[in-house]
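Asker: Sending over a structure as structure tokens; questions will come in a sec.
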């Protein structure tokens with residue numbers, strides 16, 4: 001009478017003293033005989049141990065034996081309050097006996113232990129939770145029987161479970177392991193959330209929980225998708241039932257609760273059976289074999305009709321003729337699934353191992369008022385082909401039995417290895433193969449080639465951009481004596497309208513101003529713009545407008561008012577010796593004189609072409625400001641046709657060598673040249 005919570009599975013299990021975790025009663029005894037498969041050994045691990053040791057383990061203790069029965073041998077005898085046993089107790093064979101004795105005592109919780117075969121080296125107990133492990137991800141083996149009434153869990157899938165929850169009990173709730181078989185769990189730790197929802201699944205109730213530092217989830221195969229009841233992938237014609245509830249309400253309206261109404265989360269009435277007994281069923285045709293891993297159910301979801309199914313069985317078939325009742329491995333009884341406890345809440349149950357079938361049938365066993373429910377199936381496509389059935393040909397009659405056996409072995413070997421149709425009498429049939437091998441190879445090849453091609457094209461683009469950028473940088477850093485890159489394009493042509501026209505000759509060729517050349521040109525062909533290269537001296541600050549020349553002068557005009565100027569002379573200023581209105585001399589390295597101006601005589605109608613022109617140089621009456629550098633000497637340039645002819649004409653007022661045919665240019669004033677060019 002001293003046995004408490006006990007589940008003894010074929011490979012693992014859980015056992016506890018009576019009334020655990022409360023104080024066990026006096027004078028009680030219990031023995032557990034554990035047997036696993038031959039060739040294996042048993043290991044025992046304690047999750048909690050608290051037995052009175054006031055009499056030195058005389059009346060209260062826990063004793064472990066190798067073997068079962070009279071031939072057993074003792075491994076050890078244990079007692080103590082809060083006794084910590086870090087290691088495992090291992091048997092020598094496949095059998096072990098655990099004996100608990102409780103004498104007279106006033107305190108002590110007793111014990112809770114788990115066992116498994118020795119190949120489960122990562123065995124834990126039902127009391128271990130996520131806070132006991134520091135790794136962010138780990139694998140553990142949960143024993144059978146971890147659905148215990150004295151442990152709590154908070155959370156649900158897929159959001160996760162609170163870190164204070166029992167790992168194995170949460171694994172049963174999530175459908176990762178079976179409570180009657182146990183199994184391996186793969187746990188992942190992550191940051192906690194503010195609130196954990198509660199739910200009912202696999203006969204485990206998860207409570208709502210508050211914020212925690214961390215939470216844990218389970219890695220699974222991923223075969224938990226919906227199979228089409230809610231979405232409508234399964235058509236109405238593939239949902240049938242044993243009977244249909246049909247009735248008229250007070251208004252005379254006929255209500256029919258058909259089987260196609262049994263779609264989870266679908267608004268409206270559910271499916272309901274006309275007769276409520278244990279022979280009713282709801283059947284779903286999946287059109288082909290599927291891997292079914294779970295089911296979710298609700299009640300009527302109508303407040304005025306408080307109907308739901310509280311327990312049911314599951315049957316499955318390949319042809320809808322021969323049905324198999326679902327049982328857990330190693331069990332001789334049909335598995336009874338816990339259903340709903342009210343009409344709204346969704347209750348989930350998982351199948352471990354999964355069901356492989358096309359036809360799925362629910363058989364209600366218990367209900368509230370009437371049989372009524374909505375369902376959804378969980379699972380995925382079944383893509384593993386079944387092994388072909390081998391039809392053996394009749395053995396040869398003229399050969400002995402040994403030869404017949406050799407023939408059969410050879411035939412089976414040939415079918416297993418090559419499946420060649422010419423060596424067999426059947427055609428192998430593989431059902432529900434979702435992805436052919438060639439498609440799989442193509443997908444894998446594409447998954448490799450696409451990123452490689454993207455990287456190659458990206459590299460080429462980066463190389464081109466860098467080369468283009470380097471070329472522009474190189475052009476910008478060209479030498480001073482080379483043409484800049486923008487002068488080689490058409491940009492310079494657009495800027496010519498803002499600058500004087502460039503000379504037709506090369507910039508190194510001397511500029512000649514021959515009167516003979518000017519006389520051969522028609523009046524309209526005389527250029528109206530100053531022809532020169534880029535200015536080698538500061539731009540003049542001339543404020544007035546030369547109306548006759550249609551060009552601003554670079555030198556100060558003659559004193560007094562001239563007929564060729566339309567505006568007032570901007571140089572008549574009471575302040576003398578200020579020469580800011582015309583160009584300043586250039587540095588020593590620059591030219592020593594200003595470029596002369598070619599006048600447009602065709603637009604000057606008041607003066608004939610042969611009349612001497614007005615000088616653009618300062619008159620001798622006003623002393624020119626002192627020049628900087630070597631501006632006291634003029635350079636003479638000769639005409640290409642007449643080397644003896646002077647490039648510049650004589651001063652104003654004196655007859656020149658060709659006054660009627662040539663333009664007259666005033667020689668600038670300078671100290672060194674005053675003897676030969678003075679006007680007065």
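Positions of Cβ are set from backbone N, Cα and C atoms, glycine also.
Remember, TrEMBL labels are computer predictions, not curated facts.
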Asker: With TrEMBL as the source, which of 443-468, 469-494, 495-520 is set down as transmembrane segment?
Answerer: 443-468
Asker: By a simple count, how many Cβ atoms lie within 10 Å of the Cβ of residue 3 (disulfide bond), its own Cβ left out?
Answerer: 15
Asker: By DSSP, what is the split of the domain 'LCCL' (120-216) into helix, strand and coil residues?
Answerer: 11 helix, 40 strand, 46 coil
Asker: Would you report the average pLDDT that the model assigns to the domain 'LCCL' (120-216)?
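Answerer: That region's mean pLDDT is 93.
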